[in-house]
Amino acid sequence: MTELSEAVAGVQPTAPEGAHLTTLRGPHDVRALPTGRLAALAQDIRTFLIEKVCASGGHLGPNLGVVELTIALHRVFDSPRDAILFDTGHQAYVHKILTGRAADFDRLRQAGGLSGYPSHAESVHDWSENSHASASLSYADGLAKANELRGYRDRSVVAVIGDGAMTGGMAWEALNNIGASERPVVVVLNDNGRSYAPTTGALTNQLHALRQSGARTAVSDQASANLFTQTGFTYLGPVDGHDTEALQAVLEQARILRRPVLVHAVTVKGWGFGPAEGDEADCLHAVGTVDAVTGRPAPTSGPPAVSWTSLFGQALLELAAERENLVAITASMLRPTGLYPMAVRYPERVFDVGIAEQHAVTSAAGLAMGGFHPVVALYSTFLTRAADQVLMDVALHRLPVTFVLDRAGITGPDGASHHGMWDASLLGIVPGLRLAVPRDGGQLRSLLREATAHEGPTALRFPKGTAEQGLEAVRRAGSVDVLSESGIRDVLLVSYGPMAHRCLQAATQLTEKGIGATVADPRWAIPVAPELLDMTARHRMVITVEDNSRTGGLGSTLAQTLRDNAITTPVHNLGLPRAFLTHGPREQLLADAGLSAEQIAYAVLRARAGKPLQPTATTAGSPQ
Ligand SMILES: Cc1ncc(C[n+]2csc(CCOP(=O)(O)OP(=O)(O)O)c2C)c(N)n1
Ligand SMILES: CC(=O)[C@@H](O)[C@H](O)COP(=O)(O)O
Ligand SMILES: [Mg+2]
C-alpha cells in the first residue's frame with residue numbers, strides 16, 4: 001500500500017489493494033493531490049485495473065494506456081463544466097475511477113452493474129454513451145457551439161480520440177468544422193499506433209513521422225505544417241502519454257490558448273502489464289475473465305467451444321481457395337470478424353480500411369464493379385454507420401457484395417450501442433438484397449457459399465459467441481427447412497437463425513399441452529420464400545421468432561408479405577423491443593424480451609386466448 005492511501009483516504013495501510021481509490025470522490029480530489037503523489041496514483045490505478053478487469057472481463061489494453069493521460073486531464077480541466085469526451089468510450093475506466101466509481105468495478109459490464117462505456121445515468125462527468133468510434137469530435141464541435149451561444153467563454157471542450165478512431169470519416173468532418181472556428185476545443189489524440197491491430201492508412205504514417213520529429217510541447221516551437229495545422233489546429237506534441245507532469249503542462253497550454261488545439265499524446269496500449277504490451281494480436285484490447293498475471297483465459301475442460309466467428313473464417317478461407325474473385329474487407333477488425341485466416345493465406349485479397357465502415361462498403365462496391373465479389377465483414381451494430389452506402393452504392397447498382405454480420409442480435413456485456421438488433425430491419429428495406437440467417441455452423445457454410453455465388457447483394461447474420469450445435473431438418477421445402485412438424489397444424493413457429501433451438505423446445509412444450517406445432521427455418525429470410533407462404537396458409541396461426549428488433553424486423557416483413565398475398569392466417573411477431581437494451585448476459589436479455597423457450601410457448605397460449613403476447617411486468621412468467 002502506498003503512502004497515497006493515508007494521504008488521500010486515511011484508510012489503514014492494511015486496506016486491500018486499490019481500496020483508497022474508492023475514496024476518490026471526484027476530480028477535485030485528483031486536483032488536490034500534490035505532484036509527488038501522481039506516480040503512486042497512476043501505479044495504484046494500474047494495479048486496480050489489472051485486478052478488476054482480469055476478474056470481470058472488459059477493455060484492459062486501452063485503459064492501461066490512458067492512466068496518466070486521464071489523471072492529467074482531470075487535473076487541468078474542470079469536469080463537468082469542461083466537458084471531457086472519450087471517443088468510443090471503451091477507454092473511460094480511469095475516468096470512472098477518478099469520478100467516484102472505483103467501488104463499482106466488481107460488477108463491471110454485469111447486469112445492473114457499471115457500464116463498460118460512459119453513462120450519463122452513472123455520472124454528470126459522462127457525456128457520449130455511444131461506443132461507435134469517430135463521433136467524439138462532432139459532439140465536441142456541438143458542445144463548443146452551445147457554450148459559445150450561452151456565453152460560457154471560460155469553458156473548454158475536450159475530446160480524447162484514439163489513432164484508430166481518427167481513421168473514421170466523421171472525425172475528419174468534425175476537424176474540418178472545428179478547425180475553421182476559434183472555439184476552445186482541445187482534441188487529445190491518443191496515439192498508441194493500434195486499433196486492435198496496428199492502425200492502417202496514410203494517417204498512421206503521418207503520425208509516425210510526427211512521433212519521430214521529436215517532442216514539441218510549446219506553441220513557440222510549433223511543428224512544421226502537418227495534417228492538423230493545415231486544418232486550422234494548433235498542434236502540441238508529440239508528448240509522452242505516460243508522463244503525467246509533461247501531459248499536465250501541455251494540456252494547460254492547450255487550455256489557455258482558447259482555440260482549437262490538437263495535443264498529440266504518444267502512449268503504449270496495455271502499458272504496465274507485460275501480457276498486454278506484448279500481445280501482438282490486439283494488446284488485450286477486450287478480454288473475458290483472464291489470469292491477472294499471464295493475461296490468459298483459464299484452461300477449460302472438454303472440447304473447445306467453436307465460435308460463429310471462427311466457423312465463418314474457416315468457411316471463407318475454403319471458398320477463397322476455390323474462387324479467385326473472392327476478396328474481403330474489414331473496418332479495423334481483422335481478427336474479431338474472423339478474416340485473419342484469409343489474410344494470412346491471401347494477404348493481397350484482404351483489405352483493412354481502418355475504422356471506416358462507410359468507405360469499406362463503397363470500396364467494396366468499387367471492387368465489385370471491377371469484377372470481384374467482396375465480402376464485407378462487420379459487427380451488426382456498425383452496419384448502421386454505412387446504411388446509405390449499402391442502399392445507394394451497392395444495392396442500387398445490384399452489385400455482388402456479401403455482408404457478413406457478426407454479433408447480430410443481443411451481444412451482452414457491451415450494452416445498448418453494441419447489440420446487433422437493427423440490421424435485419426435496415427436490410428429489409430433494401431431492394432434486391434437477400435438476407436440469410438444460419439441456424440448453425442453447417443447452415444453458415446452452405447449459406448455463405450450460396451451468398452458469395454449470387455450475382456447481387458446478399459447478407460448473412462449470426463450472433464456473438466459459441467455456435468449452436470447442428471440441427472437437421474426433417475424435410476426441406478424450397479429454401480425452407482422444416483425442423484419439426486405435427487399432424488395438427490395449430491401453430492407455425494417461424495424461427496430465424498439460432499432461434500430454432502428454443503423454438504423446438506417450445507414446440508415440445510406445446511405438444512405436451514395437445515397443441516400441434518410446426519417449426520420452420522426460412523434460411524433465406526429475405527425475400528420471403530413462396531414455400532413459407534404456403535406453409536402459413538395451411539396453419540391456424542403463425543408466430544415468428546427473431547433476435548432482432550420486432551420493428552420492421554423479419555417477422556414484420558413476413559406479415560407484410562402475407563398481407564400482400566391475401567393470406568389471412570393470423571401472424572404474431574416475437575422479437576426485441578423498440579428500445580435501447582442495457583448490458584447483461586445474452587440469455588437474460590433475451591428472456592427479458594420474452595424470447596426464452598418457455599416464453600415462446602407461453603406466447604402461443606396467449607395468442608390462442610386472444611391476449612397480448614410479449615411479457616409485461618404483470619404477465620411475464622411460465623405457460624399456464
Ligand atoms: C464504428 C466502429 N467500428 C468499429 C468499432 C470497434 N472498435 C472498438 S475499439 C476499436 C479500436 C479503437 O482504436 P483506437 O481508437 O486507436 O483506440 P485504442 O483502443 O487504441 O485506445 C474498434 C475498431 C467501433 N467501436 N466503432
Ligand atoms: C469497443 C468495441 O467496439 C469493441 O472493442 C467491442 O467491445 C468488442 O466486442 P466483442 O468482445 O464482442 O468482440
Ligand atoms: Mg489506438
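Every residue, even glycine, has its Cβ placed from backbone N, Cα and C.
Remember, TrEMBL labels are computer predictions, not curated facts.
Record note: TrEMBL gives His90, Ser131, His132, Ala133, Gly164, Ala165, Asn192, Phe273 as thiamine diphosphate-binding, and the candidate from Glu322, Glu324, Glu348, Glu357 in that site is Glu357. Checking the ranges 1-20, 21-40, 521-540, 561-580 against TrEMBL, the region 'Disordered' annotation falls on 1-20. For the recorded site, His90 (thiamine diphosphate binding site), the DSSP three-state label reads coil. Most other Cβ atoms within 10 A: among the binding-site residues Asp163, Glu357, that distinction falls to Glu357.
The distance from the Cα of Asn192 (thiamine diphosphate binding site) to the Cα of Asp163 (Mg(2+) binding site) comes to 7 Å.
If you take the Cα of His132 (thiamine diphosphate binding site) and the Cα of Asp163 (Mg(2+) binding site), they are about 14 angstrom apart, rounded to a whole number.
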